[in-house]
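Visitor: Sending over a structure as structure tokens; questions will come in a sec.
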Amino acid sequence: MSTDEPFRVLCLDGGGMRGAYTATYLNGLAKSFGIRRGGVDFDLGTGFDLICGTSTGAIVACALACGIPMARVIDLYAANGGKIFPRRLPKTAGLAFVRDLLLRSRDLRSGAAALRAA
């Protein structure tokens, strides 16, 4: 790779179930590019040299890097999102926050198991 060529990076943020929004946006973008290219299916991941993400963004990034259609990722979130991301953020600080910290590892284990099962 020449130093004159751009190195294209796509980095997707985390946020639990908000990954469904990211996947939906990327799905729409791929459809738009596909229409511009004559109605063909467009693999958006091929346009980047590096695709990465944090938490739910990593799930979407891995799918995109592997050429998995975003419609499948959207379906994954719709069918299994509540099991993959079971933990809700506490609405108040104090005791609820401490309880959340104590239960976090249990919730992460159950979410990881649900993701593997999906």
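Cβ coordinates are placed from backbone N, Cα and C, and glycine is handled just like the others.
Below, the features straight out of TrEMBL:
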DOMAIN    10-118  domain 'PNPLA'
MOTIF     14-19  motif 'GXGXXG'
MOTIF     53-57  motif 'GXSXG'
Visitor: Per DSSP, how many helix, strand and coil residues does the domain 'PNPLA' (10-118) have?
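Guide: Split by secondary structure, the domain 'PNPLA' (10-118) comes out as 73 helix, 7 strand, 29 coil.
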Visitor: Please indicate, using numbers and ranges, the residues of the same chain that are 6 or more beyond the motif 'GXSXG' (53-57) and have a C-beta under 8 Å from a C-beta there.
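Guide: Same-chain residues near the motif 'GXSXG' (53-57) but 6 or more away: 11-19, 22, 85.
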